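K.L.:
So that we are looking at the same thing, I have put the structure below in structure tokens.
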Amino acid sequence: MPFFRDYKNGDLRHKKGSAPTGSTTPKSVSYICFIGAGYVGGSTAAVLANQCPHIQVTVVDKNAERTKAWQSENLPVAETGLLDIVKVPRDGLRPSQRKNLHFTTEVEESIQQAEIIIVSVNTPTKAVGTGSGYLLDSSVLEDVVMCIARSARSNKIVVEKSTVPVGTGETVRDILRNNAHTGVKFEVLSNPEFLAEGTAVQNLLQPDRVLIGCLETKSGFLAAETFASVYATWIPRERIITMNLFSSELSKLAANALLAQRISSINALSIICEATGADIQQVAKAVGSDSRIGPHMLRASFGFGGSCFKKDIRSLVYLCKCLHLDDVAAYWEAILNINEKQKSRSVARIVSRFNNNMNGKKIAILGFAFKENTGDTRESCAIDLVKGFLHEGASVSIYDPLVQESQIREDLGIDCAADGGLDNRLTICQSGEEACTGAHGVLVATNWDTFRSLDWDHVARVMTYPRIVFGSSACLDPNVLESMGFTVEIIGKKVW
């Protein structure tokens, strides 16, 4: 990105304008355009249109198949309650209210009509070139911004909804300013998303906070207040926080880094527990009882997954390195190292229970999504766990209630009987009971409710000795399972 030249010079000072004088009266908004109909853009647009029937909301995406899916009963995003939210504004189900949610591939027309344009396109980690493996690739976002500049014939508010490198707001402003039609002015805002898969609708309807970053000028504050007035239709104003552009962009990365830090912290403690005989559940209860710490996200696990945590921490690490803050970069990167360690040591722990010889052994993996209540497998811990067992020579059977077989095979890179016959040792099953049949061990990789209610008596009968069940306390009750004849191993608890 062009703005990273300032990172390298160590100059990240936010360019301030004069502070506004008097009150800033927000302008009324009648038309909002989202560019990007993915998980964030489509879901956010649907809730906004549902809560603001007076605003026309158009979602633009060049992917015609995705756009068509949003117009159907089979949405491209699987989120509890989302279809009901979409149908009201999309299909005009309100009495005496016109339809106000539209999905289209017509980019220029939608840009020209909108007063606020929200950019919610993908920003993956760069795969090649400078910063590869760490820096967020904002090239698609920059292309969209160029399109906005060339299409707009009147003043617009342009909102970064995508997760971006710190400083992107300045790059966006440069692109708009240098390519705008004569007389057309833009204000750039940052409005990062904080959605958790499986609870996105709830997160949008009742968010902990909404961040709006703006340029610290009178026109910047006015744009922020105008956008805030849209959210204030259903969100208490005290939860809508305005700040400068850099603060908003960094806050998104910081939030995910701190959440991931908490997971790696409890997992690091679980390693100590297994080495000393302490119990991570008891330790977590003790520290979580401190009101300064709290009990949330203190369950030891196989690690964190999903599309955001790893990507955002790496972006933060890259930022620190560009600013020559090597010690700070190492601190944040350690979170990722602990996460990888937790997965590899979990495989090693199970393998050791079979005298370090998995040939002829079968392991059942229950769950493949990175978390329960979603079919998303991006960066799922199960991927590395399965690969680890296959590498050790075990046969692996997998069941997940939402993830399709084709997705599992794609994630594992297995589509034929190559690579030493890996495909012959991998089975994708239609139920948990089927996956466990003939297995010597079971690993609960995703804490689906269905695994809590599994017929474990039946599973005990169809498994093969030594009948080891391995997982976290969030899903398994060791006392109940041990009474059925299982050997149970819980993360963060020494058992031998």
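Just so it is clear, glycine is given a Cβ too, placed from its N, Cα and C backbone atoms.
Below, the features straight out of TrEMBL:
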type	residues	note
REGION	1-25	region 'Disordered'
COMPBIAS	1-12	compositional bias 'Basic and acidic residues'
BINDING	D61, R66, T123, T163, E197, K311, R378	NAD(+) binding site
BINDING	F194, L195, A196, E197, K252, G305, K371	substrate binding site
ACT_SITE	C308	active site, nucleophile
DOMAIN	364-472	domain 'UDP-glucose/GDP-mannose dehydrogenase C-terminal'
K.L.:
Where the record says D61, R66, T123, T163, E197, K311, R378 bind NAD(+), what is the longest distance in Å from one Cα to another among those residues?
P.N.:
24
K.L.:
If you pair up every Cα among F194, L195, A196, E197, K252, G305, K371, the residues annotated as binding substrate, what's the maximum separation in angstrom, rounded to an integer?
P.N.:
21
K.L.:
Near E197 (NAD(+) binding site) in space, meaning Cα within 10 angstroms, which of the binding-site residues do we find among K252, G305, K371?
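P.N.:
Qualifying among K252, G305, K371: K371.
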K.L.:
Given T123 (NAD(+) binding site) and F194 (substrate binding site), what distance in Å do their CA atoms have, once rounded to a whole number?
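P.N.:
So the alpha carbons of T123 (NAD(+) binding site) and F194 (substrate binding site) sit roughly 15 Å from each other.
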K.L.:
Sort out the sequence-distant neighbours of A196 (substrate binding site) for me: same chain, 6+ apart, CB within less than 8 Å of its CB, listed by position.
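P.N.:
Those within reach of A196 (substrate binding site), by Cβ under 8 Å and sequence separation of 6 or more, are N203.
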K.L.:
Which residue counts does DSSP give the domain 'UDP-glucose/GDP-mannose dehydrogenase C-terminal' (364-472) for helix, strand and coil?
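P.N.:
Helix/strand/coil tally for the domain 'UDP-glucose/GDP-mannose dehydrogenase C-terminal' (364-472): 43 helix, 19 strand, 47 coil.
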K.L.:
Enter the number of other CB atoms within 10 angstroms of the CB of G305 (substrate binding site).
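P.N.:
The Cβ of G305 (substrate binding site) has 25 Cβ neighbours within 10 Å.
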K.L.:
Distance between R66 (NAD(+) binding site) and G305 (substrate binding site) at the Cα atoms, whole Å?
P.N.:
25
K.L.:
Please determine which of the binding-site residues listed here (R66, K311, R378) has the lowest count of neighbouring CB atoms within 10 Å.
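P.N.:
With the binding-site residues R66, K311, R378, fewest surrounding Cβ atoms within 10 Å: R378.
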K.L.:
Which one is it, among the binding-site residues D61, T163, K311, R378, that lies nearest to G305 (substrate binding site) by Cα separation?
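P.N.:
Nearest candidate: R378.
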K.L.:
If you count Cβ atoms within 10 Å of the Cβ of F194 (substrate binding site), leaving out that atom itself, what do you get?
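P.N.:
Taking all protein chains shown, F194 (substrate binding site) has 17 Cβ neighbours within 10 Å.
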